[in-house]
Amino acid sequence: MAPAGRPGAKKGILERLESGEVVIGDGSFLITLEKRGYVKAGFWTPEAVIEHPDAVRQLHMEFLRAGSNVMQTFTFSASEDNMESKWEDVNAAACDLAREVAGKGDALVAGGICQTSVYKYHKDEARIKKLFRLQLEVFVQKNVDFLIAEYFEHVEEAVWAVEVLKESHRPVAVTMCIGPEGGMHDVTPGECAVRLVKAGASIVGVNCRFGPETSLKTMKLMKEGLERAGLKAYLMVQPLGFHTPDCGKEGFVDLPEYPFGLEPRVATRWDIQKYAREAYNLGVRYIGGCCGFEPYHIRAIAEELAPERGFLPLASEKHGSWGSGLDMHTKPWVRARARREYWENLLPASGRPFCPSLSKPDD
């Protein structure tokens, strides 16, 4: 199967999903750019779009080559409450970078907002909706293709976000950062999905906080909740690129390794191929990643679902399927690894003999 060539006219997000197309999202920006020296941990705000635009552009390009066909604006926490006077310039610059890279392939631009720092302390609907609306105004000016409200712990705030984004008359996707136990106010995943669809979201799901296996369990509960309510929506999943079976209700932020010691938990490309197939079999058609999800992880999604999509990503020009490139190795035991069965059944070691396999979350 050959890599895809240059695209023709671009279809919209709902047109793609309605036709059964698999939409591949992008991956990690905050944690990846922190590791590369462009984002400061703690604040986790995206000034890099202005201070280091080449770094952001490069990461967008890596995701595009890996198979992503959505360039999400790097606007996480870029609201007025977090960035004061910088917020407008940051949102505008992020849109420009995403649009520039999207134009080099068959990718759409999604304007992204997330939960505010205000909600936990002051559940002021008017104030919070104003913060969302300010970002939305920039996204509309920049003519993004659709909108994503992501990383919400509380379904009430997520509903407010959807209600504001719908004012643009663009398609709206919304993802919550919850696990199978549900939101912080004990609203189940199924009920969260129902409330978000009733608010007007066309695409619902989860992102961040939990690894692929846990996130798919949550997606199953969301799907079942929608079915019980007789509602339909497209499903979207963008988990961590880390294994987190031992985290609590609030996800990986409670693990003692967060955020600077997570590397031993990184999923392999083969883990992600398994995740992509399981997500597809569950009925999810918008499949991507969040923190810790590197471009090679996105490539793994694109390669696993290449039979359904009909093409490979450009980055597969340098990657043999299931290790097939190892056929050329001089060592026979390495050549023996050039097969799917080897990598699917591998139990990778961490190389840390005195470290536990699981941690106890901090309360």
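Backbone N, Cα and C define each Cβ position, glycine as well.
The following features are taken from TrEMBL:
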{"type": "BINDING", "residues": "Cys208, Cys290, Cys291", "note": "Zn(2+) binding site"}
{"type": "DOMAIN", "residues": "11-305", "note": "domain 'Hcy-binding'"}
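Positions of TrEMBL features highlighted on the structure.
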| residue | record | Cβ within 10 Å |
| --- | --- | --- |
| Cys208 | Zn(2+) binding site | 26 |
| Cys290 | Zn(2+) binding site | 29 |
| Cys291 | Zn(2+) binding site | 26 |
Other than Cys208, Cys290, Cys291, which residues of the chain come within 8 Å of the Zn(2+) site, judged by Cβ distance to the Cβ centroid of those residues?
Ser28, Leu30, Ile31, Tyr151, Cys177, Asn207, Arg209, Gln238, Pro239, Leu240, Gly241, Gly289, Gly292, Phe293
